[in-house]
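Okay, so here's the structure we're looking at.
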């Protein structure tokens, strides 16, 4: 078989629309819990009928994750921007644990040496779940093994468990924390010192009052007291703060204090290992622990009344969360990939625009550019603030889609853009709430906004690629529990090439996110650089 490329007329602008969390559920038995199926989507219906479309892979080995693991927005945008399969950090860390190199990593052993010298305590902080979007529970198990290997016993290892419920079942936390405590008991080392939901500990939108609750819990023991982690979780399940905050994500500050004991908190001379490997939801709590008093005083958003920085605290992070953070990094980022989409387009002297709302802004900029903090030449970034007047987006499923659309239309009208990357967060962020009716409204809002961008782009002589980074809102009922499904899916996602030249011509099947950048370049009339292993989806198999 030979792959023959169908040459495209150069288009300007070429617009890549990422409908975040909009997947294709292949099983009709879930139609009544499929927001994409239930929504009124005249734009998507029209595009699918008139232009070539295909399903592409967004999970597992197709995006550099373990087989069967769902994709996520960070991984998805990095793969899209790279034009190649990107080996993800979860794989690097897991390999290091399996080959034992993790246990001799100098940053890891440095934490052990620090507490032995100071007489302090080792703390394990992280999202305790098997979602493998932000963390992997098995990496936490490895830290317990690390403590045992180095002679720590009992509460010389304190675990601060952040519960998930967003990338996992809303009530899976009890199982995950039980796995931790069982391993601690079998190993003779480790106790759970605190439990709190990711809604608080993993904020990324400068809602510092949430981070304050987590920080005060871990440093002062501030929160409701329970005799065990399981008791804390079960209590919240029975008494959520409100109906829209049901499940692990929203568990309030819980200090675990056995009868006759006292809270175990982070103190001077201690060491903290933060096991999360994804950076966007770790930065705020990390800065609270590590910024000196002067830096904390000037922190964006105002921070909170933290008090003085904890003295002599060894703080290590599984990966590099942000350039310049005053932490020890266990696994440094690999060298930057050359000739990613943004860099390659910039090298041609072309203008590009990236746009998303706050929730997905890092994804179309930082992650899309392989963890680069600054734009390339002729690369412009635009952000629409995500709504701050609601605590969960089911209360405002339209989010900031209209604001994003206006910014993109302005760029198209200006005539200066060669490439535009836009993310609509609604399908993913509202899908995470598990509220079907709201997810339907989210899909409908995105569909309407996409229609406006499509019309303006075609009128300007451009073309579009309409797709997603992963699925979510096409599965709103959990197949195992029958309750709300709040996590991503492993389903494929649609990709539509909206270009008059390709009407009636099939797209190549079996594609993945790595093929999107080459597809965009082909529409722009540019050669695909050799570093990109993805191929344009306008290639077809011939005899």
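Each Cβ is built from the backbone N, Cα and C atoms, and glycine gets one as well.
As the structure is a computational prediction, the values presented were derived from the model and not from experiment.
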Of the candidates 198, 354, the one that Swiss-Prot places in the substrate site of 134, 166, 167, 204, 278, 279, 280, 281, 360: 198
Mn(2+) 2 binding, same site as 73, 469, 470 - Swiss-Prot member from 20, 130, 418: 20
Listed binding-site residues (134, 204, 470), ranked by Cβ neighbours within 10 Å, top entry: 470
Residue 470 (Mn(2+) 2 binding site) versus residue 204 (substrate binding site) - Cα distance in angstrom: 20
Sparsest-packed of the listed binding-site residues (20, 167, 428, 469) - C-beta count within 10 angstroms: 167
Nearest of the binding-site residues (134, 167, 488) to residue 470 (Mn(2+) 2 binding site) - Cα to Cα: 488
Which same-chain residues, if any, lie at least 6 apart from residue 488 (Mn(2+) 1 binding site) yet have Cβ under 8 Å of it: 21, 59, 70, 71, 72, 133, 167, 428, 470, 471, 472
Inter-residue Cα distance where the pair is residue 281 (substrate binding site) and residue 73 (Mn(2+) 2 binding site), in Å: 12
Shortest C-alpha distance to residue 432 (Mn(2+) 1 binding site) - which of the binding-site residues 20, 134, 279, 281, 469: 20
